[in-house]
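> Residues or ranges marked as Mg(2+) 1 binding site in Swiss-Prot: 101, 123, 125. Residues annotated as Mg(2+) 2 binding site in Swiss-Prot: 123, 126, 286. The substrate binding site annotation in Swiss-Prot covers 126, 127, 128, 129, 217, 250, 280.
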């Protein structure tokens with residue numbers, strides 16, 4: 001029998017064991033954060049089980065007929081996932097407030113909210129339009145401590161991304177994978193359906209310094225700002241400069257595209273356009289958590305002109321452009337966006 005002591009990065013340990021091992025390293029830990037992470041993983045298991053029945057049972061595919069705060073048609077899966085997160089945290093006193101893509105205002109989840117208590121910020125199902133065609137989707141989350149100096153619930157959550165306690169996503173694909181950081185590296189856990197547990201499969205994920213792939217929706221190229229267009233043209237002409245050619249990859253599911261970029265290197269872009277320079281992705285529950293993961297893995301995340309984690313949100317559902325991935329490609333994209341690099345010349 002192997003009696004080697006478990007550490008937080010022992011491959012094959014469960015997410016629960018990992019969290020408890022991390023907690024043991026902090027003498028001031030109360031167990032609240034550990035409990036919170038376990039409940040997120042429970043929500044993920046429930047959503048994963050529901051997704052596995054898509055097409056076999058009612059109210060997984062298709063629309064509810066309602067419209068959310070974003071002005072988007074609500075899908076059954078969006079509604080189920082949102083209600084699942086609410087259900088697993090309600091009356092636990094682990095989370096005081098829940099912010100969701102599906103809710104206009106913060107939702108109080110506990111009557112007992114001491115100063116500094118946690119808030120959970122989520123996109124319950126990112127890329128839900130893809131489930132009808134059996135493409136990967138994800139839940140994205142961010143854990144914050146409420147600002148005790150704030151005068152109301154909303155302003156208590158409008159914090160820079162550097163203040164996140166933890167961030168992560170659960171990718172529902174060929175398998176279900178829980179990826180998170182609490183600013184101690186990025187770790188990935190794969191759901192073992194037989195055990196019903198997330199098991200450490202990708203300890204200490206590091207993004208390559210430079211990659212071979214770029215990911216962007218080329219259908220919007222006519223609407224890109226000049227810096228974005230010049231950057232993508234530059235990548236496309238790598239071979240003419242005697243460099244290794246880049247390949248394009250685009251799933252159309254944000255967390256899935258970022259996950260691939262995290263593992264293989266390169267860059268993902270969801271830029272602003274001439275008509276919508278402020279972009280489409282939401283800062284608090286899409287850009288901020290993914291940016292923290294990228295930076296903890298050695299990558300970078302920017303709007304094209306500003307570091308994502310330095311942005312102070314003005315509203316709960318604020319939108320931003322997103323450029324995220326390997327340091328080399330992100331720095332290059334930023335140089336083009338700022339006009340510091342403007343021309344594409346063979347051999348440059």
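Cβ coordinates are placed from backbone N, Cα and C, and glycine is handled just like the others.
Can you tell me where each of these features sits in the structure?
In this structure, residue 101 (Mg(2+) 1 binding site) belongs to neither helix nor strand by DSSP; it is coil.
DSSP assigns residue 123 (Mg(2+) 1 binding site) to a strand segment in the three-state reduction.
Reduced to three states, the DSSP call for residue 128 (substrate binding site) is helix. Of all Cβ atoms in the shown protein chains, 23 besides its own fall within 10 Å of the Cβ of residue 128 (substrate binding site).
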> These are the binding-site residues: 101, 126, 286. Which one scores highest on other Cβ atoms within 10 Å?
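Top count of Cβ atoms within 10 Å goes to 126.
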> Among 126, 127, 128, 129, 217, 250, 280, the annotated substrate contacts, find the widest CA pair distance and round it to a whole Å.
17
> Tell me the Cβ contacts of residue 125 (Mg(2+) 1 binding site) under 8 Å, same chain only and six or more apart in sequence, or just say none.
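Counting only residues 6 or more apart in sequence, the Cβ neighbours of residue 125 (Mg(2+) 1 binding site) under 8 Å are 47, 75, 77, 78, 81, 131, 137, 138, 139.
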> Name them in sequence order: residues not among 101, 123, 125 whose Cβ is within 8 Å of the mean position of the Cβ atoms defining the Mg(2+) 1 site.
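For the Mg(2+) 1 site, the extra neighbours are 78, 81, 82, 100, 102, 122, 124, 126, 128, 139, 140, 285.
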> Sorted by position, what residues of the same chain at least six away from residue 123 (Mg(2+) 1 binding site) have a C-beta under 8 A from it?
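Within the chain, residue 123 (Mg(2+) 1 binding site) has Cβ neighbours under 8 Å at 100, 101, 139, 140, 141, 282, 285, 286.
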> Once the chains shown are all counted, how many other Cβ atoms turn up within 10 Å of the Cβ of residue 217 (substrate binding site)?
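So the Cβ neighbour count for residue 217 (substrate binding site) comes to 13.
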